[in-house]
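Going by Swiss-Prot, these are the annotated features:
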- Lys73: active site, proton donor (ACT_SITE)
- Asp22, Lys44, 71-80, Thr131, Arg192, Gln201, 221-222: substrate binding site (BINDING)
Amino acid sequence: MTFTASSSSCAITESPVVVALDYHERDKALAFVDKIDPRDCRLKVGKEMFTLFGPQLVRDLQQRGFDVFLDLKFHDIPNTTARAVAAAADLGVWMVNVHASGGARMMAAARDALAPFGKDAPLLIAVTVLTSMETSDLRDLGVTLSPAEHAERLARLTQQCGLDGVVCSAQEAVRFKQVFGAAFKLVTPGIRPAGSEAGDQRRIMTPEQALSAGVDYMVIGRPVTQSVDPAQTLKDINASLKREA
């Protein structure tokens, strides 16, 4: 079934599911999107697709009724990052992110850049430790902490800078909710329904486990985008989350 802009542009989803769009071809991406319902998920656009297809892709998704998480992980000097975040807000995205390792001044500048947008500002999230990274990877970078310890340090800095939350692994979610409170949003990649392959993620969880751990928004990619029936897969995931809740 195809959901057109006219039928779904006002749709609001309560689902915590964010589907990662990872396509090399715009037409294939939109063909997939036209098979799913914006009431069942939000969509994430990352570096590859945004580089290939630009802001118009985001507009195409919004016209179909979807909230968009612009996953570009800005990491630059404060002024440049602030301008990029403001540009994302102008585009009307639902969520945008920066790297917490950019430091406090960069994150504060990004936060301040969203002040003029008021209630229409996107959620501003910081990336802590990429879910593909393990202790050995951090050691190669001169970081002697474990991924969990380093992520918590960066999450604390993020909260102190007034951002809305962090991207973290599901394994860190329980601790983060305890330390940073319920209002601090946790966005988690590496979520895969039981039976899915791990792919290039190293620290993964099922949707049900993630919800129990305190994750607010869970990013799911290939288990949905490569499903023979993605609409039904999304409905099954959401149904399982409602049972878990």
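Just so you know, glycine gets a Cβ as well, placed from its N, Cα and C.
Mapped onto this structure are the features recorded in Swiss-Prot.
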residue : record                 : DSSP class
Asp22   : substrate binding site : coil
Leu72   : substrate binding site : strand
Pro78   : substrate binding site : helix
Thr131  : substrate binding site : coil
Gly221  : substrate binding site : coil
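Cα-Cα distance from Asp22 (substrate binding site) to the residue listed as 'active site, proton donor': 16 Å (rounded to the nearest whole number). Between the CA atoms of Thr131 (substrate binding site) and Lys73 (active site, proton donor) there is a gap of 14 Å. Separation of the C-alpha atoms of Gly221 (substrate binding site) and Lys73 (active site, proton donor): 18 Å, rounded to the nearest whole number. Taking Cβ-Cβ distances under 8 Å and a sequence separation of 6 or more, the neighbours of the residue listed as 'active site, proton donor' in its chain are Lys47, Asn97, Val98, His99, Val127. In sequence order, Thr81, Val98, His99, Ser101, Gly102, Met106 are the residues of the chain that are 6 or more apart from His75 (substrate binding site) and have a CB within less than 8 Å of its CB.
A simple Cβ count within 10 Å picks out one of the binding-site residues Asp22, Leu72, Thr131 as the most packed, and that one is Thr131. Within 10 Å of the C-beta atom of Pro78 (substrate binding site) sit 18 other C-beta atoms, taking all shown protein chains into account.
Residue density at Gly221 (substrate binding site): 21 other Cβ atoms are found within 10 A of its Cβ, drawing on all protein chains shown.
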